[in-house]
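Noted in TrEMBL for the protein shown:
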type     : residues : note
REGION   : 1-24     : region 'Disordered'
COMPBIAS : 10-22    : compositional bias 'Basic and acidic residues'
REGION   : 206-300  : region 'Disordered'
COMPBIAS : 216-225  : compositional bias 'Basic and acidic residues'
COMPBIAS : 269-292  : compositional bias 'Acidic residues'
Amino acid sequence: MPKKKTGARKKAENRREREKQLRASRSTVDLAKHPCNASMECDKCQRRQKNRAFCYFCNSVQKLPICAQCGKTKCMMKSSDCVIKHAGVYSTGLAMVGAICDFCEAWVCHGRKCLSTHACACPLTDAECVECERGVWDHGGRIFSCSFCHNFLCEDDQFEHQASCQVLEAETFKCVSCNRLGQHSCLRCKACFCDEHTRSKVFKQEKGKQPPCPKCGHETQETKDLSMSTRSLKFGRQTGGEEGDGASGYDAYWKNLSSDKYGDTGYHDDEEEEDEAEDEEEEDGKDSDAESSDLFNNLNLGRTYASGYAHYEEQES
């Protein structure tokens with residue numbers, strides 16, 4: 001018979017479970033709703049940007065700074081948590097702030113809890129766009145997270161990246177380590193793995209979760225639950241189908257190439273019209289030459305050198 005759990009043991013297990021949930025919730029922070037990534041409009045230049053201590057465009061200080069941890073704009077001194085005491089006075093503006101975060105470039109209020117915890121739990125600690133490799137200090141927009149690979153994205157690249165994120169770096173859905181069908185896909189490595197090769201000695205699988213990627217450790221997802229597609233490459237004549245005479249689609253390849261180059265048949269219609277106009281001009285030129293030759297057919301210039309006549313022949317005769 002197992003030993004009966006005591007009250008202290010139950011409390012300790014519940015505390016460890018809560019701490020585990022808190023750590024998991026920190027790793028899955030909703031960036032769009034976090035105060036350090038909130039939308040802000042500059043008081044001076046009226047440009048919308050991410051929450052910052054100074055405007056990214058005009059470097060002006062905002063009248064009502066927002067705390068990057070708790071999101072408040074006014075300290076009402078309801079508790080003794082404030083580092084700077086202001087009994088009976090509500091503090092706003094620069095009187096409320098206590099520091100600037102080096103990671104998210106936003107104000108942190110003078111509350112002891114915010115000052116001591118925000119730097120360690122800031123969700124933008126290593127926020128660098130996976131597409132353009134720009135950090136928080138390099139652009140004025142907000143930071144987002146890809147819903148598939150969970151990488152950081154800037155405001156300029158978020159839609160373009162997510163539209164092409166579910167594309168494998170291979171031409172088939174086979175496992176990268178063997179020839180079997182890959183049942184699990186890693187959206188960071190853009191690769192598929194079978195059940196056997198998802199088992200890793202480095203990254204351990206947690207109970208009730210999908211197996212981690214053996215390369216990067218990111219949690220994999222089942223391929224059948226995703227809209228995954230493979231990389232497709234078109235080389236030369238492979239773009240066209242086989243012709244009846246066995247020409248392997250060379251003619252179709254050049255036709256496809258020309259259609260891709262000019263987009264539609266409007267270009268060819270214009271070309272045909274130009275050719276018809278040139279043919280008409282040539283025909284008009286031939287008609288005019290024939291008319292001018294008819295005018296001089298009945299013209300008699302007498303005996304000339306061009307007709308084979310020489311003056312010494314007439315004298316001899």
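From the backbone N, Cα and C atoms, a Cβ is placed for every residue, glycine too.
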Tally of DSSP helical, extended and coil residues in the compositional bias 'Basic and acidic residues' (216-225): 3 helix, 3 strand, 4 coil
Secondary structure tally of the compositional bias 'Basic and acidic residues' (10-22) (DSSP, helix then strand then coil): 13 helix, 0 strand, 0 coil
